[in-house]
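**Q** Annotated topological domain 'Cytoplasmic' per Swiss-Prot: 1-29, 76-689, in sequence order, evidence recorded as similarity to another entry. Annotation source Swiss-Prot lists transmembrane segment at 30-50, 55-75, citing sequence analysis. The AMP binding site annotation in Swiss-Prot covers I292, F293, T294, S295, G296, T297, T298, G299, L300, P301, K302, P303, and the record cites sequence analysis as its basis.
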Amino acid sequence: MGIWKKLTLLLLLLLLVGLGQPPWPAAMALALRWFLGDPTCLVLLGLALLGRPWISSWMPHWLSLVGAALTLFLLPLQPPPGLRWLHKDVAFTFKMLFYGLKFRRRLNKHPPETFVDALERQALAWPDRVALVCTGSEGSSITNSQLDARSCQAAWVLKAKLKDAVIQNTRDAAAILVLPSKTISALSVFLGLAKLGCPVAWINPHSRGMPLLHSVRSSGASVLIVDPDLQENLEEVLPKLLAENIHCFYLGHSSPTPGVEALGASLDAAPSDPVPASLRATIKWKSPAIFIFTSGTTGLPKPAILSHERVIQVSNVLSFCGCRADDVVYDVLPLYHTIGLVLGFLGCLQVGATCVLAPKFSASRFWAECRQHGVTVILYVGEILRYLCNVPEQPEDKIHTVRLAMGNGLRANVWKNFQQRFGPIRIWEFYGSTEGNVGLMNYVGHCGAVGRTSCILRMLTPFELVQFDIETAEPLRDKQGFCIPVEPGKPGLLLTKVRKNQPFLGYRGSQAESNRKLVANVRRVGDLYFNTGDVLTLDQEGFFYFQDRLGDTFRWKGENVSTGEVECVLSSLDFLEEVNVYGVPVPGCEGKVGMAAVKLAPGKTFDGQKLYQHVRSWLPAYATPHFIRIQDSLEITNTYKLVKSRLVREGFDVGIIADPLYILDNKAQTFRSLMPDVYQAVCEGTWNL
């Protein structure tokens, strides 16, 4: 709606006021337009309400009705883009406000209600309900009352052995380093430490040497509890840990290492008397509860702070998305991951559901274990659902009880294939980061979107999508020094506003790293935003689409290239099973040229001509990958995300890469084998890229 039409409506409202008529019908029409995505109507609505005639009839006059009719008549001939989602927007907003009120009631309790209280509540209400099932070699389960009793035993043992050292200083933490095979024991100790008010850092069990030492130090841990199977990892750094007065324990019944005590026998013999809440009475909502390590720009992990408030918020997402007490949740993600620990295990504690923990993800065993345990909710990240779709089809693919899938990183093509093959499973895709202060949620199930917003939600969780410099990874600014918003549908760097009720807690012991994630003066002087480091787009309908991590996006021929977009295009080819796109530097060229590491589908061969025709049809020239690397398998992280850093370092050097390499040949209209002479021509600048 143009500015002149808006001014006409404003004059109409003022005319109604002057005639002593109630302007409510026209004002409500303006409010409807604003809700559907016309924010300038909010200003007009406010002006109209200021002129409301206090002494007038409450019954609308015919003139007011005409004003309302004219307002609605000025809507576009085609409904606004967000109109069809209006009922879901309203329902989600009310649900969000309802959960917010419940959350505030818990916030106002002294001491605040934490996940430990949720465990004790479930143990009293449903003592014999199975809380946790561990698959794999452990193959055990534990009820609510048993889990609460084991955690009480752990609390009493650690309190006695440490002589209150942990709880006397709330800055101290405990660190847990375990393999997935020790899940029940580790979680019992974790909950026991929480009963003492002690924050816990979960460390990746693959950490060794300096990264392990750095993780323990940066978390501020005074206690390290280690899986006996990780003896070698511990002994490499034990002298330095002991020199720093860090108490080390094995989560087993014997200790082969001098200076390290075994906890197993003491845990078995300890009393299971309830731990008084007074031992954790000093904690606040903002107190650290858990440290989750995230990768840093320096290569060393950083301990992101999850406060008790943040833990309750994230763990309640399970309930928010429809998980019930009679559900069984299948969690294949590691406990040192936010989704695996907080959303999965602690989320089940909040709602009273059973959590089935697998030691690791297995595409071949996934559905068999779901059927065996009666799973109704599954959690995913990254490539998990794509791996399930890549398994050969089976007659029993749709024979299961799964009704909900929750997670992030699901591509649109995999979304469709997953639901077509395994049935109408409701997918809750969301976006967020461990240290982030705001998350997004695709609450309407719109394929490919990571979240949705509306005019009201944008007020509740303010954000900005802004232009950025791909080389410096910093937001671009205008002449006044403010960030420059992007147009709808254009990729932009996501910034989320830091407010009192949406704080950024940062990383423990690293104020410089924390400050590096903040951006000031984004829209006005004095405001503060969290830099997610992620590139997203927001379409006209209000849906967010993930484009790339800022570090993965690269620039070629003066254009920004989204690796995620190129991966989606290449993945649609039938002879490619897995695709990982990245940018590599070329001598004498500015920016990076596109390259893709691929895994061929079973029984398929590489077709250079078909690939050439496909990328030329679906990708702009600057986004077309010029090099292809065929691998037997693509390397992934522990959270099932593709690894790009090593591939970028190796580039397309035929001297160090044993995998088959191909290069785009525009003259032959194909991808041909990259031979040493062609490689030399590329490096010398005589091959036209």
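Keep in mind that glycine also has a Cβ here, set from the backbone N, Cα and C atoms.
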**Q** Let me check the 10 A CB neighbour count of L300 (AMP binding site). How many other CB atoms are there?
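**A** For L300 (AMP binding site), the count of other Cβ atoms within 10 Å is 14.
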**Q** Does DSSP give L300 (AMP binding site) helix, strand or coil?
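**A** For L300 (AMP binding site) - judged by DSSP and reduced to three states - the answer is coil.
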**Q** Using CB atoms and a 10 A radius, I'd like the single residue among the binding-site residues T294, K302 with the highest neighbour count.
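**A** Answer returned by the neighbour count: K302.
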**Q** Averaged across the topological domain 'Cytoplasmic' (76-689), what pLDDT does the model get? Just tell me the whole number, please.
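**A** Across the topological domain 'Cytoplasmic' (76-689), the average pLDDT comes out at 89.
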